[in-house]
Amino acid sequence: MIKLENIKKSFITGGVSSEVLKGINLEIKKGEFVAIIGQSGSGKSTLMNILGCLDTPTSGKYLLDSLDISKFKKDELSNLRLKKFGFIFQRYNLLSSNDTKSNVALPGIYAGMSKADRINRAKDILVKLGLETKFDTMPNHLSGGQQQRVSIARALMNGGEILLCDEPTGALDSSSGVMVMQILDSLHKDGHTIIVVTHDKDIAAWADRIIEIKDGNIISDTRKNSQIYELKQNLKEIKPSLKAIRDQFFESFVMSLGAIKSHKLRSFLTMLGIIIGIASVICVVALAKGSQQKILSDINNMGTNTITIFPGKGFGDMHSGRVRSLSIDDSNLLGKLDFVDFSTPRMNTSGLLTYANQSFSGSLRSGSEYSLAISGLKIEKGRDFTKDDIINSRSNIIIDQFTKDAFFKDVDPIGKVILFNKQPFTIVGLVKRDETSFSGDNLTVYAPYTTTMNKLTGDRDIRSIMLKLKDGVNAQVAEQSIIEVLKIRRGSKDFFTRNSDTIRQTIESTMNTMSLLISGIALISLMVGGIGVMNIMLVSVFERTKEIGIRMAIGAKSKDIMTQFLIEAILLCAIGGSIGIGLAYAIGYGFNVFGGDFKMIFSTASIFIALGVSSLIGIVFGYIPARNASKLNPIDALLRE
């Protein structure tokens, strides 16, 4: 079964090579009960580690069932430990966070057993070892003898064809020690190959064969009894399946969650950077979307799909006063274009509003029967202007809410006569309050442009023309057509245009750019949080080196260790991300209830992206600690306290 040929093992300490095993030749048959005895430093523990595939020889050949495993790779050795060996340690090496049955069932996870099969088998073994009342007991509530019996049960979980016992009674009192040796003797008679490493001759006396080692050499090999028992029962090999892989992944998830729970405060502090980062990003996006929607809504209220024409070369043109102003004929011509729904000339005049011995300065905006609709204003009370008002220059006026509040706070203004620059006007309508972010608090009234021309200013020129395009018309194409028509009519381009769609697109682009910029700044906090996760995971790997060694000893492969720590990092970030989303919603609720003129708008996409980003951070920043954990040498990890 086991054959060692000229096995040597050297260690380099301080640049000096020290040979611990000096050419060991040994053969152990199936079903033997062997004791390897020797003083401290004799090399017996090193020999046991090589026999159990926890360590590799410097040179020589190790044959297991006629298979040369001395050159096996790390995961191949893990597979051998999983299927062939069971380890019983002096200090038990139970996981303190797992109860008794979970400690025993642990090797079954890496063997691909289903959860039900693992637990049932673990309980069966514990019952045979007299621990039927301790299934759910934590290791720190067990006596030394009970803990060692749990360790034996764990070694038998995957069959334990070869049991390697390192000073199995070293930490026990004499009666518990005898009980453990009786169990090992019984297992030998069941056909298990037992290899005990000890310095105690009384313990070695239980074995049928005693091998003494000194200074790295075997100095004696004596047999008391040549009887060999055949293994009566062994587990069938479990073939990997999709369900087994899924169950193993789930168990890694559960173990990772348990590790996080066991250090609640540290885990929360680790998540804090992720929480703040995710909440910041989501809030920034929600604020950007809310403010963008508010501004675009304001633009819509001002009139969508509109084009306005002004005289001059642009706003602030010092020579615009010399430019021949736009005319009513220009407005009428543009109103007849196929793609124009309607057109209205516009004029603005400042003056004094007077009613019942009260006077306030205000603005008079003049236009056609379409001007209020084009501007996105709606009548709250009364009526809009009619064609008759325009044709006959009626002295009718429509007031806004500020004018009503100033003169008619508790009175219905419809039908009342108000003066503008001493000219009487009858109030026929009241517009709804303009809630846009562009509205001011000035008193504003509206009149037919013909009335303003004929009864107030006498000026035939207009300051702008506003066009409402038909639905489905491309605003940019329409704008170019309007420019060409006016250039031909006026002989030159002494005017400029303002396209509401262009303004909308510019604002959207600006808001998106600002949102990206601020989100980029918020992402920095996510990166800082990710680095924090990596630091804590590196500390966790260092603190749990012993646990990693135990898992590797019972058969965990590098990928199993890496998966567990990677899942742990992803979980930390995902939980932190979820809390961050909750925090963002709480902030949004408070803002929307007590905030200003606009609401924070959360999008489903931003939430999924936030969760995805937090998980990605877990993968990226958890990779290095997980890789470090997976690269640990089993024996080095086991020996670290």
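Just so you know, glycine gets a Cβ as well, placed from its N, Cα and C.
As annotated by Swiss-Prot, domain 'ABC transporter' applies to 2-240.
According to DSSP, Lys44 (ATP binding site) sits within a helical segment. There are 25 other Cβ atoms within 10 Å of the Cβ belonging to Lys44 (ATP binding site). According to Swiss-Prot, the ATP binding site annotation covers Gly38, Gln39, Ser40, Gly41, Ser42, Gly43, Lys44, Ser45.
Same-chain residues lying 6 or more positions outside the transmembrane segment (268-288) and placing a CB less than 8 Å from one of its CB atoms are 511-512, 514-515, 518-519, 522-523, 525-533, 536, 572-573, 575-577, 579-581, 583-584, 587-588, 600-603, 606-607, 610, 613-614, 617. Annotation source Swiss-Prot lists transmembrane segment at 268-288 (among others).
Annotation source Swiss-Prot lists transmembrane segment at 516-536 (among others), citing sequence analysis. A Cβ distance under 8 Å defines the sequence-distant neighbours of the transmembrane segment (516-536), meaning residues of its chain 6+ beyond its ends; these are 266, 270-278, 280-281, 284-285, 288, 569, 572-573, 576, 613-614, 617-618, 620-622, 624-625.
Annotation comment: Swiss-Prot describes 565-585 (among others) as transmembrane segment, evidence class sequence analysis.
Under the heading transmembrane segment, Swiss-Prot lists 601-621 (among others), citing sequence analysis as support. Proximity of distant same-chain residues to the transmembrane segment (601-621), defined by a Cβ-Cβ separation under 8 Å and at least 6 residues beyond the stretch ends, is recorded for 274, 278, 281-282, 285-286, 289-290, 293, 526-527, 529-531, 533-534, 537, 566, 569-574, 576-578, 580-581, 584-585, 588.
Of all the binding-site residues listed here (Gly38, Gly41, Gly43), it is Gly41 whose C-beta has the fewest other C-beta atoms within 10 angstroms.
Within 8 Å of the centroid of the Cβ atoms of Gly38, Gln39, Ser40, Gly41, Ser42, Gly43, Lys44, Ser45, where the record puts ATP, the same chain has further Cβ atoms from His199, Ile213, Lys214.
Model confidence over the domain 'ABC transporter' (2-240) stands at 88, taken as the mean pLDDT rounded to a whole number. If you take the C-beta of Ser45 (ATP binding site) and look for same-chain residues 6 or more apart in sequence within under 8 angstroms, you find Asp166, Val197.
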